[in-house]
Amino acid sequence: GGPAVRLESPEGGGGRRGVGAAPPARRYRLRDGCWVLCALLVCFADGASDLWLAAHYYVRGQPWWFGLTLLFVLGPSLVVQLLSFRWFVYDFAASTKDGAGSTKDRARGPRGCCRLCVWLLQGLIHLLQLGQVWRYLRTLYLGLQSRWQAEHRRRHFYWRMMFESADISMLRLLETFLKSAPQLVLQLSIMVQQNSVEPLQGLSASASLVSLAWMIASYQKVLRDSREDKMPMSYKGAVVQILWHLFTIAARAIAFALFASVFQLYFGIFIVTHWCIMTFWIIQGETDFCMSKWEEIIYNMVVGIIYIFCWFNVKEGRSRYRMCIYYIITLSENAALTILWFLYYDRKTTSDFDALILVCVVSSSFALGIFFMFIYYCLLHPNGPMFTPRAGGCIFRQQPAPVPGSPTDAVTSPPRSLPRTTGGERDGAPGERDSCVPVFQVRPCAPPAPATRAPRTEGPVIRIDLPRKKYPAWDAHFIDRRLRKTILALEYASPTTPRLQYRTPGAPQEVLEYETTV
């Protein structure tokens, strides 16, 4: 049922390596493992604090707060667990079919009783709402294996680790904005209404806030780490991104809670209106994330929920203008919501001094978030400082557009993307395009370059007849699980590191050829 594949030996015979040795691939470091453990700790703290608080409300005889708190825990968790189990079912079923892959892979596949045990174990894990925990542990295991195995097995485990990291990042991002974000607003609203902060409420709200900020930064880091044509994000940059989103989301959530404590109905109308406007804005931007139109619309609707709380880049190009527009809108909304609350709040339960303190907290938190955003872009952006000092100030630095086939497009470790080869490198007769052409074709790369130029590495090329997804979207092989299965099978069977090559949309004739075959 998967795409047809053809694996050919590289030029030079026998699958031997070329003249130039392949540049070193990215290695899994111990700090990467520590980052995964911290993410697992944040996930545990977020869920456990919410359940503990729900039990506390139940014991105190507060059924409404108990029901809402538990609803925001179990509802999103069930949705994410079903999605995670669906991905497992597809991956596991694909790995046990007699499809693409070597005989060695099929011989190692689980059989009979072992297969049943795996199904039962995974069903139990997801039934207990521990799917994300299992994926975090699996990511850690695959990363450590990529350090301990031999060179050929090492890159195989690294690829699998990157795929698992992509999965857990998408799942956790969805869970945090469906669970942690409304949970944070709910608990803050309860605190404002009660005019007091209980320890469990503060713990739950803090865990939700940290989880939101952590997952935005973690998602962006994994996204960049998965793209070999993009510079990876440093851990310093990730920490500053956490602080950036921590303070901006905190200001946003407090403004929401203050307004909702007085205008419950109007707050619901405001949230729905903001979500509709943001979703329409995203759709109008013509994002290119999913493999079908309807999946793309659903993805845009989910991103619209994220845009209720914070900025999230979803499209290639100059994001600073879109980001400035978003933060101007957010600042205006925060100010309007806070002022309306200040004008109509209950003077019997909240003193004027406390009200002024809350207004100052909203404004200072947002200002701190914008400050850390400037720190990130001025000092810690992966592409270098986005601002350069000139004439005693800071101005934007213009980024030149990448030229297809230029050295900036060349990458050095898997998964890699190369410029589209010319017609002379294609196999098959002239009329081959009229037949059913496989989506994947593994072919030798160009002959070694002359001695005066940098040596090129011989080896197989996995050619994917799809346009490459531009950052900040994932590549197609991170989204489409059929592509993952075939790439891993080819990578495992290949004696040298294969390179991934997407369709180049720049050549009109080439695009026309692909559109008649995909």
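Glycine too: its Cβ is placed from the backbone N, Cα and C atoms.
Listed features, source TrEMBL:
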COMPBIAS  423-433  compositional bias 'Basic and acidic residues'
REGION    1-22  region 'Disordered'
REGION    400-433  region 'Disordered'
TRANSMEM  34-58  transmembrane segment
TRANSMEM  64-89  transmembrane segment
TRANSMEM  265-285  transmembrane segment
TRANSMEM  297-314  transmembrane segment
TRANSMEM  326-344  transmembrane segment
TRANSMEM  356-380  transmembrane segment
Fill in: Distal contacts, the transmembrane segment (64-89) - CB-CB under 8 A, six or more residues away
47, 50-51, 53-54, 57-58, 122-123, 126-127, 129, 131-132, 135, 167, 171, 174-175, 178-179, 182-183, 186-187, 190, 204, 481
Worksheet entry | Of 34-58, 265-285, 297-314, 356-380, whichever stretch has the most CB pairs under 8 A to the transmembrane segment (326-344) | 356-380
Discussion item. How about long-range neighbours of the transmembrane segment (34-58): same chain, 6 or more residues beyond its ends, C-beta under 8 Å?
Written reply: 65-66, 69-70, 72-73, 77, 129, 132-133, 136-137, 139-140, 143, 172, 176, 179-180, 183, 187, 200-201, 203-204, 207-208, 210-211, 214, 218, 235, 238
